[in-house]
Structures are given as structure tokens and as C-alpha cells.
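One structure below.
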């Protein structure tokens, strides 16, 4: 992998230098030069046959040009190098995740690395040159930021919805079953509840955009600099909060799953007892029916010693279909003893049995938010509670049968490889971000096309393409868990752009005293993030028609910026 990458970089660099840096430097003074029909300038004989406007080389040696075609070539070359940087960062991140797992690495380190290429381009667009130069160049940064967000939430989101579609049955998709073709309502993707939370967080992350736009909304010029500072503080605070949440999310998810499994054991045993009881478990007043519960106890107590042992409790939980929530019989027995065995003798007597059943019934009723006492509909009530616990477990998405995690054979070797990939990706992103920004600005000058639209369309393809391809390939597995991880990755990438990349951008604007005049770009980001964030927050199943919403938002964003800026003169 390393050899192939180095070779491709070397070939591109040599070809780029030969094609656009080819010129002969003469030691003679201008007066000593003999004209041979070629254009000349200050001791430089151009080999292209025509005089080319002088341009400033990045770092003093990288090729540059002022022609439109030449800058297209440079944008492609430097864009490919940024793509390599993003690929190396992604590959190194995945290797590191295999060794260290989620938490600090998956929640904090990897999202930052994923946003690093974008952050680098935004940074170099505003730190070089004078304040006036930086003011003209930051349109590249805001274009990249808006373009990355819009591309992820529209083109990539919609594509993942299509390639990951499965048949929808009973409002959820069936893993690996895709027989309905391009049915707009009969096929789609289903995600877990954590993906909905990620969409909510993404929608909240647009708050700094709103704050920085407040002076423009009130047509105030005096408070713009202060608004940028306040937005920067809010953005950094949200960034820290998001990273902390991501670090602790695996622990939170585990605790939620344990609680839901506990509820499933409660609902399953209550339903089982009701089905085998000769009468109602509870009276119309909601009190335990002692006579019925005693008969149930004696039926479970096979040896008649007045206590329920492990073996007798095992007979009780057999047939509760615990395999559907990845819970074995021993775990279920442990949960029963934890709630019933108040004497801590590892057995359950009659008094503990009746008290435990009553406690579970009230817990089931309170969990369902109901104040209705037991009555003729108790059976239906317990059935509903049982189905609710199954649905909640499904939404939490614990099933990882398609994600078998195996131990790493040589963790030290893998760690070294991961570190080298991360280092190489970071160096490439840092070195070639500035030349790419210069090429975009030179192309804009040569063609009179606003640099915003160039960076909005072209640059996200370079900085987010590896992430996008990875998400699309993962979505093709056509399983609920893979779909959940795919869309969570998209929402997380947008959130990091909204917080980390925006923080970098706001810091540049504030420290360099630049003017914030990006109302149309901010409006596009707000519209796309809010629409897709709300859609992802209120739904866990996305029929195929939802991808039409995503695809429509991309051209809508471009048209909206053009109309607001060049028809209504917003910027």
C-alpha cells in the first residue's frame, strides 16, 4: 500500500512540475538576452511560446500557473493528494480502533482526524497574506465547509439509502432481504435509536451559525466582531461536550442495554405467569391476588420445600425466547434473584415471590407511563409491555452478529503502521492545503467564476471522498446495524465540521479582524442540517422516498446561494 501510494505521488509531482514549471533560468541580464521569438521576462525564457503572467510559487518551488487549464490540472493534482491524506488518516484510524476500541479513540481522536483535511484547508485559506488577501481567500474555506456538509447530507446520505435498502415489513426493514426493487414506500433502511440521537446532536450543532448571524439579522455592524467571538466560544464548548459524549457513549449504551434486558426479563416472566395462572394475577384494585400467586409458587416449587432454587427458576425462564436479546438463562436467573431474594440466601421463598411479582408489575406499569390499575385487560397490558421492551431493544441495536471482532495478532506492528499512516496523512494535508487554495483562487481569477462555487463543488470530493466511499460500501451490507453505523458516521462527520472546522474558521475571522459576510452560505448550511437533522431525529426507518429529499437539497443549495448573492446581493 505504501509503495503504490509513494509511486503515484512521485509520478504526479514530476508530471506536474514538468508540465507547469518548465522554464529556463538565465544568468544573463535582460539587456544581454537575444530575442528568438519566445516571450521573455526578467531573465526567464518561457518555453510555452507565449508570455505568461507571473505567479507566486508555493514554498518557492511548487508549480503554479495563471491559466485556467493549468489551474484545473493543479486542482486535480493537489486534490488527489488531499484525497490520499484523507485515505491515510481513515486507514490509520481504523487500525487504531482495532487495537484500542471505542471510547477515547473512537469518540474523540477519530472524528477530529476525519475533519483534519477540511480544517487544514480552512486554516490556510485565511492565515496567509494581508488581511485584504485573507478576506478574499476565506470564501474558499466557507465554500469547502458548506460543500462538505451539503454533500454528506444530500448526495452521500441519499446514495447510502439506495444501496443499503431492504424490504420494509411492519415499519422496519428485514436484514438482507431486498425483493421490492425501487419501491418508494416498500423498501428503505432502518437505523437504531443512537443514530437518531446523532442526528439530534447534528441539528443542535448549528447553534454557532445562528449566533454569528444575529448582527446581520438586526442590520447591526457594531456587534459583528463580538458575535464572532461569542459564536467561537459556543462552538468550542459544544465541541468539547460532543467529544465527552462520544467518549462515554459506549458506556451509556451498555448501561441502557442492561436496563432493557432487565425489563425484557420482567415482561417475559410476568407474561409467562399470567398465561399459566388459574385466574388473574391482580385484583381490580391493583393488589396482588394472593391465592393465584400461591398456586403459581407451588407449581414452580417442584420439590415442595417452600423455596425456589436455581434449578426451579431455570425451569421458569425456559421458553422466554431470551436468545432474541442475547441473554442466556443464567443472566435471567441472576436478575430474578437480584430483585426477589431480599434475604440474600440465593433462594426465593413465598413471601419474596409475591413481593417480587408485585414490584415487577408496578415497575412495568410505571415504565409504560400508565396509571391504570389491573383489571380484565391485564393480559393485554402485559403483552403490550412485552412487545414494547422487544422494540426498545431492537432500537438500541445491540445485535453485532455481522460485526465479529477478533483479536489483533500483532498489536505492536499494527500500532506502528497506524501511527505511520496518521503521520503521513497529516503531513500531506498540511503541506498541500495551501497550494490547493492558491490553485482554486488562481482558477477563479482566470475564469471569473466565484471561488466559493469551485470549493463548494470540487474540494469536498477530495477531502471527503474516502469517507464517503467507506460509508457507501458499508451500507451495501444491507443490515440494520451497518445502516446505523453508516448514517451515524455521516451525522458525526457533519457535526465535527459544524464544530471543529467552524471553530477554526471563526478563530481566523476574529484574530485577523475579517468581516463576516457569509449570510447565504450560513442559510444553506442551516436549511440542510435542520431538515436532515429533524428527519433523522423523528424516524428510525427511512423509506426510499426520503432519499429524494436529500438529493433535491444539493442543487437547491447551489441555486439558493447564487440567487441570494448575485441577484439580491447578500454578500
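Cβ coordinates are placed from backbone N, Cα and C, and glycine is handled just like the others.
Because TrEMBL annotations are produced automatically, they should be read as predictions rather than curated entries.
The domain 'EF-hand' annotation in TrEMBL covers 288-323.
Per TrEMBL, the feature signal peptide maps to 1-21.
Here TrEMBL flags 68-88 (among others) as transmembrane segment.
Marked as transmembrane segment by TrEMBL: 95-116 (among others).
Residues or ranges marked as transmembrane segment by TrEMBL: 136-157 (among others). If one looks beyond the transmembrane segment (136-157) by at least 6 residues along the same chain, the residues whose Cβ comes under 8 Å of a Cβ in the stretch are 118, 121-123, 125-126, 128-129, 437, 440-441, 450-457, 459-461, 463-464, 468, 471-472, 487, 490, 493-494, 497-498, 501-502, 505, 508-509, 514, 518, 521, 524-525, 528-529, 532, 547, 550-551, 553-554, 557, 561.
Under the heading transmembrane segment, TrEMBL lists 194-214 (among others). The list of residues near the transmembrane segment (194-214) in space but at least 6 beyond its ends in sequence, with Cβ under 8 angstroms from a Cβ of it, reads 223, 227-228, 230-232, 234-235, 238, 242, 245, 249, 253, 396-397, 484, 487-488, 491-492, 494-495, 498-499, 502, 506, 516, 519, 522, 525-526, 529-530, 532-540.
What TrEMBL records for 226-248 (among others) is transmembrane segment. Counting only same-chain residues 6+ beyond the ends of the transmembrane segment (226-248), those with a CB under 8 A from a CB of the stretch are 103-104, 106-108, 111-112, 201, 204-205, 207-209, 211-215, 492, 495-496, 498-500, 502-503, 506-507, 509-510, 516.
Annotation comment: TrEMBL describes 414-433 (among others) as transmembrane segment.
The transmembrane segment annotation in TrEMBL covers 453-475 (among others).
Under the heading transmembrane segment, TrEMBL lists 487-510 (among others).
Annotation comment: TrEMBL describes 516-535 (among others) as transmembrane segment.
For 542-564 (among others), the entry in TrEMBL reads transmembrane segment.
Using a Cβ-Cβ cut-off under 8 Å and counting only residues 6 or more beyond its ends in the same chain, the transmembrane segment (453-475) has close neighbours at 75, 79-80, 82-83, 86-87, 90, 114, 117-118, 121, 139-141, 143-144, 146-148, 150-152, 156, 159-161, 163-164, 189, 436, 440, 443-444, 482-483, 485-486, 489-490, 493, 558, 561-562.
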